[in-house]
């Protein structure tokens, strides 16, 4: 792409278990602006660095000033081994790949948390009767290739993201069917986290397990096929998605309690926008609120689905600003 000058431009990325998204960031205005956000399939590249180099070559840009890349996995000593892929990436290898002056990795849901307070109404789909008030702490969570979670602490005008690995907390069954689901998964894995169900691979397992429990034969389908068939009205797949939405509601409510997210819960990730109508129609909100003695607490918390696919890129751009750097330092 001609006409771009590397001065004042940065690269932001969002790399998960399936997709790698990149954009350039222009800091000329009051807020950072994304330029040419682009998504690639991770399986098309040998390494994360290959994908980054391909994007920069496509944009015709050499040596942007800085990079912030949001990654799906815990970061230790400036490096990540992705939880749901074989890729590895470090801040040093990122810096070398793009010729950046500075390069930083942040957790993908930390990026989601940085973006959440800045999302416009068009970026969100309200689930339930309440709208966000702009006050109170937030929880940001959601299923994709894995399950991510983060918090946003807001005090006296200062926003501080809380990085977590909340997708790996234990799955807590709600009824007899979910107890049977848990038994199957414990036999298979020894321990069952919410990510074992609330993810693309988890949805595929859930579909087969529900068929076994209910004594009906089901085809082994991908998560994409299950969601598409459910939205189209397929009864078998709709049962799976309804259960998926219910379990997601329970997990979201648990994380809202754990993070004290009275300001709102944002459901992000690649799956929720594709099933948003079923989330709204099903038991998601009822299960979110069903917290026994704390049900009044969760009943007062707004829930929204994040519909903008570039939210983590927005959050990575925020991390480049002085306030963002201070928040995650």
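Cβ coordinates are placed from backbone N, Cα and C, and glycine is handled just like the others.
Sequence annotations record features per position, and here Swiss-Prot assigns ATP binding site to 13, 14, 15, 16, 17, 18.
Taking the centre of the Cβ atoms of 13, 14, 15, 16, 17, 18 as the ATP site, the nearby residues of that chain (Cβ within 8 Å, site residues left out) are 19, 20, 21, 42, 70, 71, 72, 82, 108, 145.
Contacts of residue 15 (ATP binding site) defined by a Cβ separation under 8 A and a same-chain sequence distance of 6+ are given as 21, 42, 48, 51, 69, 70, 71, 72, 82, 87, 89, 108, in order along the sequence.
Of all Cβ atoms in the shown protein chains, 17 besides its own fall within 10 Å of the Cβ of residue 18 (ATP binding site). Of the listed binding-site residues, namely 13, 16, 17, the sparsest CB environment within 10 A is found at 17.
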